[in-house]
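Contents: one structure, followed by commentary.
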């Protein structure tokens, strides 16, 4: 019926947030707990979840979500949780707690063993989906600031489910030739919507390059293109910006995003605001990078602030016309090696709502000047 139905603006997407209880503001948007709860409650056939790791029992709200998943699985709803091979620390406990949930570990880069499953998304019944930076952990559901998008528009959910099929093909328990055959089957039909064919002003982008499939957009290409074409403003809220790629303990310079930010500020006079995280999960290069941007662009309209509470929000807004929400840092290792899906939109309402979130965070008491 989709070809004959009008496409709703923004593909029925709503912003979703987790805000820790110790923050000095609240959100008007759906909470991550409410989003996951709704997906589970409305599911009739299946729920597919992709996350680097799975540790929902670490907080009360996370445990409630996992208990609801357990109840759904006991009613016959098919539940599959994809985890990265290196993120399965709590797998035994979860399997014993709920044997009806199918946990599958994946290795998206068996050849070099450097890539991780970094994507955070849920899909149910080809009807509802979530994509953002909330992994399936108690912290992301309750105590760590995150941002994502929920939609109950079936065409968009179906398109995200194709990504799940791709990642699932890299089941670490299977032989390599089975992985390759499975991937070959799912990649040619990997997407219906992309930068040249968004649906309701919405499309997904993907990483890494070897998982793109037919007509998918490489996330790096889209992000850099938007940064390079920025005319008036760039707002970035990220855990980290790291212009390096790490392989086997060695670091290599990867300046693509870093240079695009500097060029926008110095060459084109674009107003840039950068809000970075500052907690123990930060790369050691993160604060050095923030300080270098601040110093290099001291004569330009570039401002840097540090968010003092655990903040895993990863948000980019360009010219108040485009929004990008992802699970990856602006980090060479993430963009060159890891598997993830990002949300993109040019829908005016969605961009406006994301902008309000950035403005709220930027002026909050939790945002401190880098110079303090």
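Each residue, glycine too, has its Cβ placed from N, Cα and C.
Since this is a predicted model, take the numbers as computed values, not measurements.
The domain 'PLD phosphodiesterase' annotation in Swiss-Prot covers 307-334. Model confidence over the domain 'PLD phosphodiesterase' (307-334) is summarised by a mean pLDDT of 95.
The feature S-palmitoyl cysteine is assigned by Swiss-Prot to 185 (among others).
Look at Swiss-Prot and you will find 186 (among others) tagged as S-palmitoyl cysteine.
Distant neighbours of the motif 'YPPL' (153-156): 2, 7-8, 11-13, 126-127, 129, 192-193, 199-200, 202; these residues of the same chain sit at least 6 beyond its ends, with a Cβ under 8 Å from one of its Cβ atoms. The annotation motif 'YPPL' is assigned in Swiss-Prot to 153-156.
Long-range contacts of the domain 'PLD phosphodiesterase' (307-334) within the same chain: residues 20, 22-23, 118-120, 131-135, 139-140, 143-149, 205, 207, 219, 222-223, 226-227, 229-246, 252, 254, 256-258, 275-279, 283, 340-346, 350-352, 354-355, 357-358, 361, 366-368, each at least 6 residues beyond the stretch ends and with a Cβ under 8 Å from a Cβ of the stretch.
Counted with DSSP, the motif 'YPPL' (153-156) comes out as 3 helix, 0 strand, 1 coil. Taken residue by residue, the domain 'PLD phosphodiesterase' (307-334) breaks down under DSSP into 3 helix, 12 strand, 13 coil.
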